[in-house]
């Protein structure tokens, strides 16, 4: 970026952090509608075939692909790379999972204490979700009388997809695909796009590929298109300019195509490009005046993973209006995220001092690249899955995704 741009815009780390916080807020906002009315996929009219959460999710996966690829560029040690990912993903996840199972669960379950603690699904909730494959969405007797009884914390359904993206970066990086062999990213992206077209996942539809260890394959492939696109944009950052005008034009193209029946099928391929290129571009063109507030937007990951338990608790208390739930749940989820950041995430991030490379490299233009390991949330807020296929574990392969959905 030019010196003029550097003076005009905030550092990219700030832009990425703010975008992730807006995404977390948007996710909690969107979920307030199906939490109350499970058949409602999004806050927008269903015939629009647009989900704000789905659009944001594509952007988040692209940002993650971009940032994680940069993390590998700066340090190509496979074991340090994996440890950094573990330190970012698992401490907040384990915290919310254990509090949900061992504190919230016993307080709100309809079962007796003996039945709850004696049920293997109580312990399985912690074990399965700690492993990510397979996820377990149900806790015995917890939130079973809520309008959406299908998951205690469905928001974590994309974490296995995110970690799959991490493994893609690892494999591609080990074979040199993020350096001189970067051309391999084009056939990789094309392969995911072809697979996405075959599986057919979209807003409100998980595709026809079924699930693997509770993860809907169609949705995972669709989101990994954006992730690999982010990797490609990073690898070719010296050739692909990030221009706000282009980003806005791509979003406009997506909207026009979405409401134009003859070309509407093309939105499958336009969406990840528009959302992904747009998110990364806006991160690099974030207003400089918003620098200095980063500590208040770092809690986005915590806000995301705590959002749904908070919403379920308010619903259990009797809230049945989506807009009232928004007023209550958004600030409460943010406060939970702030606690998670201060007590769990920030302390564990300090352990990365033992994983640093002394002679950290810089980006090609001499400017430090956006650092995904510098307190920036790497987990992508997402919409939760459909309800589980069997009690406790997994989600049904009924073709729904891209929104917080229940039975039709």
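Please read every residue number as a count from 1 along the shown chain.
For all residues, glycine too, the Cβ spot is worked out from N, Cα and C.
Between the stretches 133-154, 155-176, TrEMBL puts its transmembrane segment entry on 155-176. Taking pairs at least six residues apart, the transmembrane segment (48-69) and the transmembrane segment (89-111) share fewer than three Cβ pairs below 8 Å and do not count as touching. Of the candidate ranges 89-111, 155-176, 211-233, 245-263, 323-344, 211-233 has the most C-beta pairs within less than 8 angstroms of the transmembrane segment (183-205). Across 89-111, 155-176, 245-263, stretch 155-176 shows the highest tally of CB pairs under 8 A with the transmembrane segment (211-233). Of the Cβ pairs linking the transmembrane segment (155-176) with the transmembrane segment (89-111) and spaced 6 or more residues apart, 3 or more are under 8 Å, so the two regions touch.
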